[in-house]
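According to TrEMBL, the features are:
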ACT_SITE  Glu105  active site, nucleophile
ACT_SITE  Glu109  active site, proton donor
DOMAIN    25-219  domain 'GH16'
CARBOHYD  Asn113  N-linked glycosylation site
SIGNAL    1-28  signal peptide
Amino acid sequence: MAPFNVGSSSKQAVVWLVFSVLAITASASNFYQDFDTTWGNGRAKVLNNGQLLTLSLDRDSGSGFQSKNEYLFGKFDMQIKLVPGNSAGTVTAYYLSSQGSTHDEIDFEFLGNLSGDPYIVHTNVYAQGKGDREQQFYLWFDPTKDFHTYTILWNPQHIVFYVDGTPIREFKNREGTGVPYPKNQPMRVYSSLWDAEDWATRGGLIKTDWTQAPFTASFKNFSSNACVWSSGSSSCSSRPSNNSWMSQELDGAGEERLRWVQKNYMVYNYCADLKRFPQGLPPECSFRGAP
């Protein structure tokens, strides 16, 4: 953004200043203001004046946090540095979810592994209480060495999972063909670090090595461009905002990157698991480029 010229009118100057303040406010993130630590008995820690949050896991407990706000559609970014070293048996989760037996949910789960072996990024989409839509990926970098940005785009047309701006999965709204889609239930942002040694690493064959505890994952720079849901109404219906994400689609370059990831890094796709669905694959799997 270029600053206003010295000769600009006072009205233009005021508009620019107000816009600058709003832009700064929109980009700022503070874990004290945006989230509540919800479990772990002190194992979730907010540091650096609210700019960093760490979750830890030991033999007694994991830990977690949730957003103060509920949202109905949005684009959500979180920078995460995953548990280093021998993280087998651990799961770091970053997801959106509503509550109840017919809840909606959009999941990133990072499945730990033995030192030197790759993490698996486990994704899933629940609609009206039904999930079973897993896709899993390796990453093209070591997610324990530095922070990387994990993004969920959720709008009425589709859900897209991004890693450092690269789309890895798209789940389209196919309600017209009878496939449920999350669109009516406000969701909070959640994250947790927990022990899942019974299934997380090689189907539970590799157990958690508690001599390596405590395990720690770190989070920073959360940002949301989203519709906040409060008292039965959406903030997007009551104020003008930059809602380009609400109609955001994958362009040609994005679709090409998505195909690249799915060709080279996908390690599981429920739409290819005929043994799991002997009575027939879920209906969304029949579409070209599904799901």
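Backbone N, Cα and C define each Cβ position, glycine as well.
A quick note: this is a predicted structure, and the numbers were derived from the prediction, not measured.
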Cα separation, Glu105 (active site, nucleophile) to the residue listed as 'N-linked glycosylation site' (Å, whole number):
25
For the domain 'GH16' (25-219), mean pLDDT (0 to 100):
95
Students should find that the Cβ of Glu105 (active site, nucleophile) has, within 10 Å, a number of other Cβ atoms equal to 18
